[in-house]
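Annotation comment: Swiss-Prot describes CYS273 as active site. Taken from Swiss-Prot, the feature substrate binding site applies to ARG81, TYR220, GLY221, GLY222, SER271, ASN387, SER388, ARG389, supported by sequence analysis. Residues annotated as Mn(2+) binding site in Swiss-Prot, with sequence analysis given as evidence: LYS229, HIS249, ASP296. Under the heading GTP binding site, Swiss-Prot lists ALA272, CYS273, GLY274, LYS275, THR276, ASN277, ARG389, ARG420, PHE515, GLY516, GLU517, ASN518, citing sequence analysis as support.
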Amino acid sequence: MTAATIPGLDSAPTKHEGLLAWVREVAELTQPDRVAWADGSEEEYERLCAHLVEAGTFQKLNPDKQPNSYLALSDPSDVARVESRTYICSEREIDAGPTNNWMDPAEMRGIMTDLYRGSMRGRTLWVVPFCMGPLNAEDPKLGVELTDSEYVVVSMRTMTRMGAAALEKIGDDGFFVKALHSIGAPLEPGQADVPWPCNDTKYITHFPETREIWSYGSGYGGNALLGKKCYSLRIASAMAHDEGWLAEHMLILKLISPENKAYYIAAAFPSACGKTNLAMLQPTIPGWRAETVGDDIAWMRFGKDGRLYATNPEFGFFGVAPGTNWDSNPNAMKTIAAGNTVFTNVAKTDDGDVWWEGLEGEPDHLIDWKGNDWVLRETETKAAHPNSRYCTPISQCPTLAPEWDDPQGVPISAILFGGRRKTTVPLITEARDWQHGVFIGATLGSEQTAAAEGKVGTVRRDPMAMLPFLGYNVGDYFQHWINIGKQADESQLPKVFFVNWFRRGDDGRFLWPGFGENSRVLKWAVERIEHKADGKSTPIGIVPTAADLDLSGLDVNAADVDEALDVKVDEWRAELPLIEEWFEFVGEKLPTGIKDEFDALKTRLAEES
């Protein structure tokens, strides 16, 4: 079909010539049956959900258990981000750097254009306008996703400010990021569809200079909801580098002292390391409270007062289900229980509820994430996929900070870097200054999780928890962080801390109880900001003793806390060649400032007896 004969092209609710021309071009290439413009309304959402139920993609859950909620089971080959198929196609290979897959942009466009040709046949091309961050921000970051997946349209309504209001912001000539997505599963006339269409060939491609995203073959979250990692981190990090701000893989937490003073903390952890749990923290120390601003992504800019302000560009939570329960994260459970949730790849109970590993109560019988019968103590496989998800509106979170949607953002007092390490890294360490903090973030390591492909359990370097999400060269990224610090008075900058909730004893036990008790560790960080707490200078930074932490009412072995805080010089000396190897991998663009910090660490460790 030509553009003239594709229904929906001539009834567009916009006069934006660039947008109209792009939609027309994509429609002619992909050959959908029709074009539809998503308006983000409740009526549209309900209509699409009903259609997805009819198609077998969604199963409606028991409204008494999970109101207005649905379960989707993906194709078993389409369950996580596909880092091996994710590309940063900058004009020059050096600008993608050693951590990214690169291909010449012209070559990639050629390959993907061939894949897109006719890829939407038998389907609807949805035009999905969206805004990352508050619509009334001074510089709203806008985008339009073209997709042939109704699952994506429904999820984008939850995860972004999507629809007519975003289209209005784009106006008749506004800039927007072009995000093109196709599941790559055309339907011939009369051909039956499958519940989760996708393609064995997958590409998730970013063109940083032109601010474009092209995704093909996957219907799964991070590969298909292009406002999430693709825009909010990969493209936004390139924008932030050019414009002098930070786009980071961080939660934003509001911690409130008994004196009613608020401290905003941004924290970077690799996927599945407790980011959402910390974002929805329930402090166990009397008088302390916490509220949630965001659980995954923080965009940080300097305010007029010289402080760093953060906004959460997202509109919902796309959380990992396994391990989430009423004990580990009651606020996430309350958010989900409010309804309006799309679950992907969790198990279904016989009474139409959902279940996953770690959730209270083990049902005798389930339908697992592959649609098969699962019997307690008989079935050996997991009922829910380790990377199964819930997609739910942020507005339902009972601990949501009232200012979460403030276009100015919230002033950040502390930045935490943390990963999952069994040894070496203490419970908390304070960086000596901003540049030392950048070094800590640059050397962050974590054990591999199920949220990405790869062998679970091996430690990989994950700088600032951004390894899979950098839109440009990692060395330039480190230098950008150092430069950000030079833009401000050191006294105005957030203090930087390094945390590790996951240290284990020789017998394999966790040394620290974690979860709500982490508020005790954050209290020390806040008291360091206020110059009220002591700490011990060590070769790796300033570390509290057990006496510096508020452990009142905590049933924990004092020796365990001492061990959790211990700086073992031998373990750190063993870490040095691993850091050296990582920096060699980063290559020629490793900043001098980072090399200086590394040399200083080596010297301090050598001086220890």
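Including glycine, each Cβ sits where the backbone N, Cα and C put it.
The residues near the Mn(2+) site, meaning same-chain residues not in LYS229, HIS249, ASP296 whose C-beta sits within 8 angstroms of the mean position of the site's C-beta atoms, are LYS228, SER232, LEU233, SER271, ILE297, PHE469, in sequence order.
Within the set of binding-site residues LYS229, HIS249, ASP296, GLU517, the entry lying nearest in space to TYR220 (substrate binding site) is LYS229 (CA atoms). Residue pair GLY222 (substrate binding site) / LYS229 (Mn(2+) binding site) shows a Cα separation of 6 Å. Cβ-based crowding with a 10 Å cutoff singles out TYR220 as the top-ranked of the binding-site residues TYR220, PHE515. Every protein chain considered, the tally of other Cβ atoms within 10 Å of the Cβ of SER388 (substrate binding site) stands at 26. In sequence order, HIS249, MET250, LEU251, LYS275, THR276, ALA279, GLU314, PHE317, PHE318 are the residues near ASP296 (Mn(2+) binding site), counting only same-chain partners six or more apart with C-beta under 8 A. Residue annotation for substrate gives ARG81, TYR220, GLY221, GLY222, SER271, ASN387, SER388, ARG389. The furthest Cα pair among them is separated by 16 Å.
Ranking the binding-site residues GLY221, GLY222, GLY274 by how many Cβ atoms sit within 10 Å of each one's Cβ puts GLY222 at the top. Among the binding-site residues ARG81, LYS229, THR276, ARG389, GLU517, the residue whose Cβ has the fewest other Cβ atoms within 10 Å is GLU517.
Cα of PHE515 (GTP binding site) to Cα of ARG81 (substrate binding site): a distance of 26 Å. GLU517 (GTP binding site) sits 31 Å from ARG81 (substrate binding site), taking the C-alpha atoms as the reference points.
ARG389 (substrate binding site) sits 14 Å from GLY274 (GTP binding site), taking the CA atoms of both as reference points. Under the DSSP three-state reduction, ARG81 (substrate binding site) is assigned to strand.
GLY221 (substrate binding site) and GLY274 (GTP binding site) have their C-alpha atoms 19 Å apart, to the nearest angstrom.
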